[in-house]
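What follows is a single structure, written as structure tokens, with notes after it.
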Amino acid sequence: ELKARSKGKVLRPALKEEREEARRRHWGIEIGQHILKNPLIVNSIIEKAAIRPTDVILEVGSGTGNMTVKLLEKGKKVVACEFDPRLVAELQKRVQGTPMASKLQIMVGDVLKTDLPFFDTCVANLPYQISSPFVFKLLLHRPFFRCAVLMFQREFALRLVAKPGDKLYCRLSINTQLLARVDHLMKVGKNNFRPPPKVESSVVRIEPKIPPPPVNFQEWDGLVRIAFVRKNKTLSAAFKSSAVEQLLEKNYRIHCSLHNIQIPENFSITEKIQNILKENDFNENRARTMDMDDFMR
């Protein structure tokens with residue numbers, strides 16, 4: 001064992017676990033941050049974003065600025081959103097005293113709790129735990145942005161692009177594809193990050209549909225939430241749950257009250273649901289095989 005002497009005392013080197021913990025603290029890994037270190041991947045992501053010189057770019061998870069400095073070269077302005085103040089300090093040092101400093105705005109804090117500014121394009125390397133809420137915060141943001149190029153854990157990315165019948169097809173898939181065009185761009189191995197995450201990653205491009213589909217998203221999400229709770233069950237079985245029936249009956253009675261519709265004394269929500277499913281030939285359908293057009297009906 002290597003030893004070092006200082007003032008007559010023997011100092012043992014830090015244990016491997018202690019060194020790793022120190023490194024994790026330094027890079028903010030306790031909040032799920034993994035720094036993308038491969039410049040080729042950084043350049044490829046920026047190329048896929050097709051940034052214009054007039055663009056305002058929203059970057060989420062800017063880390064130490066490996067991508068930020070490249071984005072500053074391409075666009076008019078970068079709004080960098082970073083949770084960890086230590087990483088923000090690294091980024092500020094990186095651009096301090098350069099012409100790029102005037103083009104950079106930094107927002108420190110939780111992006112989910114922050115009002116997003118106007119932006120044309122978004123580039124993000126997201127911790128897994130905020131991936132889903134951030135996607136929908138982005139898609140419901142107004143005014144519309146042009147495109148977002150986002151890094152996710154591989155399985156989450158594949159769920160975004162999954163089609164009816166795919167094993168990973170789920171509520172996330174259909175909700176995202178309702179509001180946007182989604183493309184899987186490339187796989188990114190774990191060795192491209194510091195420190196390496198436990199799983200592989202993928203880059204996805206999201207382009208909002210403009211104009212958006214003429215649906216109330218909350219009502220739509222309520223419908224697909226029920227259908228996908230047990231996506232392998234028939235819709236007839238999924239809608240027979242007592243909790244679902246109680247919720248739908250309450251909503252239906254509110255709807256009738258607001259629109260002066262009289263409800264028959266012998267009204268049965270169970271019969272109404274099953275009749276609607278039969279009329280549309282959906283009673284034997286399963287959510288895992290249904291596409292957007294099916295749910296629109």
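Heads up, the Cβ atoms here are built off N, Cα and C, so glycines get one too.
Where the annotation comes from TrEMBL, it is an automatic prediction and has not been curated.
Since this is a predicted model, take the numbers as computed values, not measurements.
According to TrEMBL, the S-adenosyl-L-methionine binding site annotation covers H34, L36, G61, E82, D110, N125. If you take the C-beta of N125 (S-adenosyl-L-methionine binding site) and look for same-chain residues 6 or more apart in sequence within under 8 angstroms, you find H34, L36, V60, G61, G63, M67, L150, M151. DSSP classifies N125 (S-adenosyl-L-methionine binding site) as strand under the three-state reduction.
Among the features that TrEMBL reports, domain 'Ribosomal RNA adenine methylase transferase N-terminal' is placed at 41-210.
Minimal Cβ crowding within 10 Å, among the binding-site residues E82, D110, is found at D110. Residues H34, L36, G61, E82, D110, N125 are recorded as binding S-adenosyl-L-methionine; their most distant pair of Cα atoms lies 20 Å apart. Averaged across the domain 'Ribosomal RNA adenine methylase transferase N-terminal' (41-210), pLDDT for the predicted model comes to 96.
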